[in-house]
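Taking it in order: structure first as structure tokens, then the write-up.
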Amino acid sequence: MRQRTLLVEGLTFLAALLLLMEWLGPIAELTNIGYIRVFYIFVAISFLLLFFKTPWWLSGPVKIVYIYWFIVSIYTEYPLVSMDGVRYFISEMVYNVRQLMTLDLTQMTDPFRTILFFILLWMTVYLIGYWIRMRATLFIFFVLTVVIIGILDTFTAYDGSTAIVRVFIIGLGVSALLFVFKFHDNQKQLRYRGLVFTALLLLFSVSFAIFLPKAGPIWPDPVPYFYSSNPESGVGSGGGSAINKVGYDEDDTQLGGSFVSDDTEVFQVRTTSRNYYRVETKDTYTSKGWIQSEPQIVYDYFQQGQEFSLGFPESDTPEGEQLEFTMQSEFPFLFHTYGTESVESTESFGLRFNESTNRLDAVDQDGTVEPPEYTVNFAEPSYLLSELRSTQIADLATLEPELDRYLQLPETLPQRVRDLAMEITADQESVYDQAKAVEQYFRTNGFVYSQNNVAVPEGETDYVDQFLFDTKVGYCDNFSTSMVVLLRSAGIPARWVKGFAPGEVIETENGEQVFQVTNNNAHSWVEAYLPGIGWMNFEPTIGFTNTPDIEFDIELAPDDALAAEQQEIEEQEQQEEEVQQQATSTESNFSLKPVWDWFAQMKWWFVAAGVVLAVLAGLLYKFRLKWLPKLWLSQYRKQEMTTERFEQMYRRLLKMLALYGLPKEPGYTLSRYANQIDNYFGGDHMRKLTGEYERSLYGKGSAESPEHLRESWEYLINRLSG
């Protein structure tokens, strides 16, 4: 009994440890805590000391020494065993406790904040241990863990898709094990069977859930509603709150802040190549974000199928390509790409192009429309490297006045931003090389792409200045806006472009790919104007590739930056091609889509079969008193009568008697209960079986032959089955 109690308690403490670690995971990810493994070890030590009921005068100093070791070794260079380390630790405590007493919380130091976090973990472990020993259950803690992970996964950037699976395995597994030990206390064989059955059931359930095809969400995402109900919150690439939800938004007046991911599908596009999808451009940087200047708006109107140009160089490809859009979200504009020539659709509408914003709309007599499907015909612009490197820096002074708005910069822009632009471009001999130098600057100077912990400029702080010199951490808006400002500071016209990145390939057939584009693919990048060439796209954001079609018609020196970049691009394209070929091969050999389609076609058969099985199961359960004794008779009749098997047969007889309507009353001894049964059925069979069971249970040996006991047991079983 003592061993069983220790085992059950040990399993419960282990489950509590694993669940608490699932709490630490998102905390570390969302708050950027370092050395998270040290906190894991502290929690494990605390649970271990609590499990062995270590007295406070021993467990307390152990934890304090551990905290002291971490603080001194991380925040100082003092030896662990030294008076300097002890004095530092004590001084930190004294100073910060004083700040805490005066409620001056902003002056608390980082070491003391770390100590407080250790104390919080210490208290949490103690409370969990107290709950386990008093209530012997983890159910509430398990439910809280599931709820917390669900909330964090929904409303923050934390991805809890794998954590929730681990939590369910831990919670359900331990619950099942505790159930087995509770109801099979003295039945060793049944207990082992229960453990094996539990393990197999969990393995099957988890594997089935992982590999089963997943349908899309039935209910719409509630998060946008919560954000939209608060006028202070920002949704999209331009929101100004501390945490925004990723996606396309027309308001870019306040950039910055972290993002919550959103897998909501925007559209699918079938094509033969990987493309960026333009929406609009903006020309006026305000030091906090972007707005569109309001010159006289000029619209160009086209009909479906009519060819037009959006101001980019022509393509040298004789045959164009197509983008077949299938919209899943509604937008008051059409997505297009570089080299767009015409648009076609089964819907009836015309085209309107805004020359100021580069936005392409579908319109009819009532205004803008939102076609569910349309096709964009395009031919990607082509460039010659020789012509790009012939762009003269002196020609920037003689550009058309209409490009002046793409040189706009706020008067408050810090001088060090302009100085940095001149430093980056100083050694370049062409406008193109200057633009490439700015683009490459972000890849070699310690910048980090992240959607978490991204600063929001406050007061007079400039958005670009803060990113370039202070944080160096951000996402596409930070990189693209900074490149535009640096190009303009160097005298190169540039504009900020909004749209969507290519998305993910979800289907490949006959050389065509279907890309799924979600809100997570909302993106911004840069277009620069090169004298004698026109507009050209650039991609400064780390981790993204938007390379124009450039023909390298001149030989590059081995140390040329473009040579290294071209080699990197070719290697990346080769890797993407290999991955795609592997994906295509895998799809041809194995795919879960046919399985899902088959399930969809046969779902009513499954429903009918489920109903029939449920009815049969109900009937079997209702009439189990008729068939279960016969099953046991056939099972035990062929087996040798051993002491262990006899005990098992006796316990099953007790179960059948209770099912028959003759349960053992709580205050009855086995002997008194046996007399009751024999008085009911006649004879002394139950007294014989009970006497042998008690002698076997207390180790006094057997007085009856096994066969005689078998006959008594079968007699009672037959009487119960009627």
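Numbering starts at 1 and runs along the chain as displayed.
Glycine is treated like the rest: Cβ placed from N, Cα and C.
Residues annotated as compositional bias 'Acidic residues' in TrEMBL: 567-579.
If you take every residue in the domain 'Transglutaminase-like' (468-542) and average the pLDDT, you get 92. Residues or ranges marked as domain 'Transglutaminase-like' by TrEMBL: 468-542.
Per TrEMBL, region 'Disordered' is recorded for 566-586.
The feature transmembrane segment is assigned by TrEMBL to 7-28 (among others). Sequence-distant contacts of the transmembrane segment (7-28), counting only residues of its own chain at least 6 positions beyond either end whose CB sits under 8 Å from a CB of the stretch, comprise 36, 39-40, 43-44, 47, 50-51, 124-125, 128-129, 132-133, 136, 138, 141-142, 145, 148-149, 152, 156, 158, 160, 163, 166-167, 170-171, 173-174, 177-178, 181.
Residues or ranges marked as transmembrane segment in TrEMBL: 34-52 (among others). Residues of the same chain lying 6 or more positions beyond the ends of the transmembrane segment (34-52) and with a Cβ under 8 Å from any Cβ of it are 9-10, 13, 16-17, 20-21, 24-25, 28, 58-59, 62-63, 66-67, 70, 74, 117-118, 121-122, 125-126, 129.
Remote same-chain partners of the transmembrane segment (64-81), defined as residues 6 or more beyond its termini with a Cβ less than 8 Å from a stretch Cβ, comprise 35, 38, 42, 45, 88-89, 92, 110-111, 114-115, 118. According to TrEMBL, the feature transmembrane segment maps to 64-81 (among others).
Through the fold, the transmembrane segment (112-132) approaches residues 9, 12-13, 16, 20, 39, 42-43, 46-47, 50-51, 63, 67, 70-71, 74, 92-93, 95-96, 138, 140-141 of its own chain, all at least 6 residues removed from its boundaries and within a Cβ separation under 8 Å. Among the features that TrEMBL reports, transmembrane segment is placed at 112-132 (among others).
As annotated by TrEMBL, transmembrane segment applies to 139-158 (among others).
According to TrEMBL, the feature transmembrane segment maps to 164-183 (among others).
The transmembrane segment feature in TrEMBL is assigned to 195-212 (among others).
Per TrEMBL, the feature transmembrane segment maps to 604-621 (among others).
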